[in-house]
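According to Swiss-Prot, the features are:
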type	residues	note
BINDING	ASP197, HIS291	Mn(2+) binding site
BINDING	GLY260, GLU261, ASP262, ASP263, ARG303	N-acetyl-D-glucosamine binding site
DISULFID	CYS77-CYS119	disulfide bond
DISULFID	CYS190-CYS209	disulfide bond
CARBOHYD	ASN57	N-linked glycosylation site
CARBOHYD	ASN166	N-linked glycosylation site
CARBOHYD	ASN337	N-linked glycosylation site
CARBOHYD	ASN385	N-linked glycosylation site
REGION	339-393	region 'Disordered'
TOPO_DOM	1-10	topological domain 'Cytoplasmic'
TRANSMEM	11-31	transmembrane segment
Amino acid sequence: MLRRLLERPCTLALLVGSQLAVMMYLSLGGFRSLSALFGRDQGPTFDYSHPRDVYSNLSHLPGAPGGPPAPQGLPYCPERSPLLVGPVSVSFSPVPSLAEIVERNPRVEPGGRYRPAGCEPRSRTAIIVPHRAREHHLRLLLYHLHPFLQRQQLAYGIYVIHQAGNGTFNRAKLLNVGVREALRDEEWDCLFLHDVDLLPENDHNLYVCDPRGPRHVAVAMNKFGYSLPYPQYFGGVSALTPDQYLKMNGFPNEYWGWGGEDDDIATRVRLAGMKISRPPTSVGHYKMVKHRGDKGNEENPHRFDLLVRTQNSWTQDGMNSLTYQLLARELGPLYTNITADIGTDPRGPRAPSGPRYPPGSSQAFRQEMLQRRPPARPGPLSTANHTALRGSH
């Protein structure tokens, strides 16, 4: 019986194929290489045990702070900046003061804008950070992110989107607000949606978009043991072009509280006919600032009901249904502050009455920023064909 089985052509082909697979496995270096073939590429090797200071190499940047604008006709910046250092140190203590952050970033212009002086940047990237009552986290992010991005030789601007009031936090809706307001300023090439408590650990993780589809950038967080928690995870830090953002109708507006919106967004990407790309695990390293659970950002009890409806609701819930009241647009020395009233959860309890800003929260922080603000210089209005993204609020 065994002999007849071995004489069958399909059995012989199976045996030959198995032998070839084993030979390939051994020639490529065993399990690690095989996993790189059939899993996700681990990418180049970096030594994270000897990180560089995040302010390394900034002295090599051309151009003096406050000098004349760069002349026209500059060559394009290199595709990969020669100023990159790889792994950088991330420290959560002490929390730097605003004065220290401003002093260490003299090339940053009002509104948190930067443009390299010696070459024409290949990408104009808007960093959009949803925020409420996380001042220490915000200072750590600003201290860390400005030099990180300057070494990449990008033109960039940082937008911090404050949710006014005491209602339930809505991260995804704040990101929609940030995208719309950022595109009123400039025709950005790339939109980086960035949680305030995540600090990048490797400047080879370029803050640029992929024209082929949305990028999920925070692929290896210390919170998850520097690995992706599950294949469709799209949380933390992501990057989309304005066209990609509009194609998926932006982010959902109905997720009040913690959880669910990341999975909804990943589903939108698929339903819009796009695919998620990621940097190698060895590059997309992030450290999360430790914090307790936020009051007003409790677990969303409706998230699973909303996820079930995503396939039918994504074309109606997003940028085309976004409503909010813009309360403030302020140019600080380190970022553009956008304060918006985005309403309250229609399914939850009514928000308690009180000041628009939680006690001890962003109001004092913002006032300190404004006291240090240089004279405001309004940016040019975009003439890009993103009318739907820049529509009225």
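Each residue's number is its place along the chain shown, starting with 1.
Using the three backbone atoms N, Cα and C, a Cβ is placed for every residue, glycine included.
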Confidence summary (mean pLDDT) of the topological domain 'Cytoplasmic' (1-10): 52
Largest tally of Cβ atoms lying within 10 Å of a Cβ, found at which of the glycosylation sites ASN57, ASN166, ASN337: ASN337
Spatially closest candidate among CYS119, CYS190, ASP197, CYS209, the listed recorded positions, to GLU261 (N-acetyl-D-glucosamine binding site) (Cα to Cα): ASP197
Alpha-carbon spacing, ASN57 (N-linked glycosylation site) to ASP197 (Mn(2+) binding site), which is rounded to whole Å: 25
C-alpha spacing of ASP263 (N-acetyl-D-glucosamine binding site) relative to CYS209 (disulfide bond), in angstrom: 20
Secondary structure of CYS209 (disulfide bond) (DSSP, helix/strand/coil): coil
Nearest recorded site to ASN337 (N-linked glycosylation site) by CA-CA distance, among binding-site residues ASP197, ASP262, ASP263: ASP197
Candidates CYS119, ASN166, CYS190, ASP197 (recorded positions) - the one closest to ASP263 (N-acetyl-D-glucosamine binding site) by CA: ASP197
Candidates CYS77, ASN166, ASP197 (recorded positions) - the one closest to CYS190 (disulfide bond) by CA: CYS77
For ASP262 (N-acetyl-D-glucosamine binding site), the one of CYS77, CYS119, ASP197 that lies nearest, given that the recorded positions are compared by Cα: ASP197
